[in-house]
Amino acid sequence: MIIRSPEPEVKIVVDRNPIKTSFEEWARPGHFSRTIAKGPDTTTWIWNLHADAHDFDSHTSDLEEISRKVFSAHFGQLSIIFLWLSGMYFHGARFSNYEAWLSDPTHIAPSAQVVWPIVGQEILNGDVGGGFRGIQITSGFFQIWRASGITSELQLYCTAIGALVFASLMLFAGWFHYHKAAPKLAWFQDVESMLNHHLAGLLGLGSLSWAGHQIHVSLPINQFLDAGVDPKEIPLPHEFILNRDLLAQLYPSFAEGATPFFTLNWAKYAEFLSFRGGLDPITGGLWLSDIAHHHLAIAILFLIAGHMYRTNWAIGHGLKDILEAHKGPFTGQGHKGLYEILTTSWHAQLSLNLAMLGSLTIVVAHHMYSMPPYPYLAIDYGTQLSLFTHHMWIGGFLIVGAAAHAAIFMVRDYDPTTRYNDLLDRVLRHRDAIISHLNWACIFLGFHSFGLYIHNDTMSALGRPQDMFSDTAIQLQPIFAQWVQNTHALAPNVTAPGATTSTSLIWGGGELVAVGGKVALLPIPLGTADFLVHHIHAFTIHVTVLILLKGVLFARSSRLIPDKANLGFRFPCDGPGRGGTCQVSAWDHVFLGLFWMYNAISVVIFHFSWKMQSDVWGTISDQGVVTHITGGNFAQSSITINGWLRDFLWAQASQVIQSYGSSLSAYGLFFLGAHFVWAFSLMFLFSGRGYWQELIESIVWAHNKLKVAPATQPRALSIVQGRAVGVTHYLLGGIATTWAFFLARIIAVG
């Protein structure tokens, strides 16, 4: 740590009234661009309007102005999030069976939407138990509400109103910090101050206040609920906060107040700050006292982290110093210059954040089933499947977004004249080695993973099961994965002696946890079938990375097009007269990467859905006999391509295909409609622009004949626009099809 002279005093970092609020300005379509503001000559205008409305780089090159627009837009985004949350809570308050579910969560399914009878669609209101008819929801809101200690629909109402207040505050803040008091560029670039405030404030105090809420409100209320007390009899949240004796009845150490804390006798608090591991056998969720302990610990860590960076005092870390000191034996100048990149290119900053947040989202997807955090979440199979699928898709999109913004940074913000021999320059200089090796890895994984399946299909077709790769013939056990499982299962005795059980039951070693006759979680066995599909995961992920990374590393130049940087982020081809140069722009790599991301995530959610139905989810009899939903057929059926088609896609689609005339029929309609949206995308992806332009001109001729031709000249979509429309429908159609397939299946059988 370098001791320096004190930093100068805090400067004024806002401009007052920089931009006047003008409704006339906002009412003029395309006011942000001279060209678009002129109004439409051709139908391309409406596409350009949408493409450029939020491309702030194209409005101005002034970094301060761009930063202010992004900052203001973030408040708008937060406002929409609060509005959405308010809607969720309002539905819980007004249209749901939350109070009934709270009294009997094992027999009543959550519902928060009742369909009005207009043309007979009240058939969708299925019987969810307890005499309530509505649409079964799978968002996990009921479980999170119970965990946070909400016991009545009135409380949900109040929270919904609170969220609306916050939404309007955010809207106001977005306007205020752009039109009235806009931060200067220096404020956006003050990374040490930003780190301190975000770490100590958002994460530190945020976690601390949540831990406080969990200890003083959630824990006692959940204690009463678990003991079967009627929610209406339970004291209200503020009573626990104001009256310490109430808490002391449940947790005697509360009577001693803060004394054990200051006398370092912290073990006294172990009643409500526990370190148990495993699941609560009553609710099938993590121990709420473990979760409170976790948030308290996280809060301490982040409060410390939020005091590590040098701001107005001559003490603490400077980010620039840390980055410039970061040199390795093969990295030349290392991270020299990275500080300048990340404080002047928001695309570079965003790219890193998206990559990390995307990875984190996928980690969350895996924790939601392996360590279900909320009460009764683990036995609500529809919600389990939905949460996993949702977080996997979101994670995939965020990671593709990371590559997109990395490529935009390369094209728009990277300055090769000032970047010499730093880490990024070194990566760019050996990009051919990186991409060709990655390509080899993809070929290897593709041929070998599919080769194993094709071998099995062939042997199966020829009636030679003894020659197949399977747990009962030629075994390919995932020994490394099993070793990882075993290590974690033994951790409580070895590496984590303070814990009573391992972090998750899926590692093995424990007894299964069942709640209300349904399996919450049990040790998940891994075998040859998982080994095979795992290599398909490896293959699809590597191909996605190959496409995205090639797009980033060759965004500015390639042997084919040395001056690619001059053509911009998205362009269809390198002009007329140069054949074979289409689909090379950075944008096209994002476009192609999206399809492979879709492939990758689809295989993951199919694997998860079938594996859980086969080996985890099911019912348990009084004698302790477990009956799984698909009877453990994953290990033998999923080792052939034919098995995936026959026993997963076809067999499990029967519920959605046969849903007509039942309360699940909306899923049947969605299944059909989303297939149509998906197929519609192929029309955009498999035909050229010229075809449509010819057709349009013929149609315009007919309009001219009838004297009904519009003033705005119709144009076919540009090549890039066509691809954008195509990939959008492909992904939305595919995702909605999968959603209908999964939910109709799991609500019917789960």
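From the backbone N, Cα and C atoms, a Cβ is placed for every residue, glycine too.
Pulled from Swiss-Prot:
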- 70-93: transmembrane segment (TRANSMEM)
- 156-179: transmembrane segment (TRANSMEM)
- 195-219: transmembrane segment (TRANSMEM)
- 291-309: transmembrane segment (TRANSMEM)
- 346-369: transmembrane segment (TRANSMEM)
- 385-411: transmembrane segment (TRANSMEM)
- 433-455: transmembrane segment (TRANSMEM)
- 531-549: transmembrane segment (TRANSMEM)
- Cys573, Cys582: [4Fe-4S] cluster binding site (BINDING)
- 589-610: transmembrane segment (TRANSMEM)
- 664-686: transmembrane segment (TRANSMEM)
- His675: chlorophyll a' binding site (BINDING)
- Met683, Tyr691: chlorophyll a binding site (BINDING)
- Trp692: phylloquinone binding site (BINDING)
- 724-744: transmembrane segment (TRANSMEM)
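Between the listed binding-site residues, namely Tyr691, Trp692, the fewest other CB atoms within 10 angstroms of a CB are found at Tyr691. On a Cα basis, His675 (chlorophyll a' binding site) lies 23 Å away from Trp692 (phylloquinone binding site). For the pair formed by Tyr691 (chlorophyll a binding site) and Cys573 ([4Fe-4S] cluster binding site), distance between Cα atoms is given as 17 Å, rounded to the nearest Å. With a threshold of 8 Å between CB atoms, the same-chain residues lying at least 6 positions outside the transmembrane segment (195-219) that come near it are 147-149, 237, 240-241, 247, 250-251, 272-273, 288-289, 291-292, 295-296, 298-299, 302-303, 305-309, 311, 319. Rounded to a whole value, the Cα-Cα separation of Cys573 ([4Fe-4S] cluster binding site) and Met683 (chlorophyll a binding site) is 21 Å.
Within the same chain, the transmembrane segment (346-369) stays apart from the transmembrane segment (156-179): fewer than three Cβ pairs sit under 8 Å, each pair at least 6 residues apart. Same-chain residues lying 6 or more positions outside the transmembrane segment (664-686) and placing a CB less than 8 Å from one of its CB atoms are 121, 123-124, 126, 135, 655-658, 717, 722-723, 725-730, 732-737, 739-741, 743-744, 747-748.
With a threshold of 8 Å between CB atoms, the same-chain residues lying at least 6 positions outside the transmembrane segment (724-744) that come near it are 138, 382, 385-386, 389, 393, 591, 594-595, 598, 602, 605, 609, 652-653, 655-656, 659, 664, 667-668, 670-671, 673-685, 717.
Residue pair Cys582 ([4Fe-4S] cluster binding site) / Met683 (chlorophyll a binding site) shows a Cα separation of 19 Å.
In this structure, Cys582 ([4Fe-4S] cluster binding site) belongs to neither helix nor strand by DSSP; it is coil.
The two recorded residues, Met683 (chlorophyll a binding site) and His675 (chlorophyll a' binding site), have Cα atoms 13 Å apart. In this structure, of the binding-site residues Cys573, Cys582, the smallest number of CB atoms within 10 A of the CB marks Cys582.
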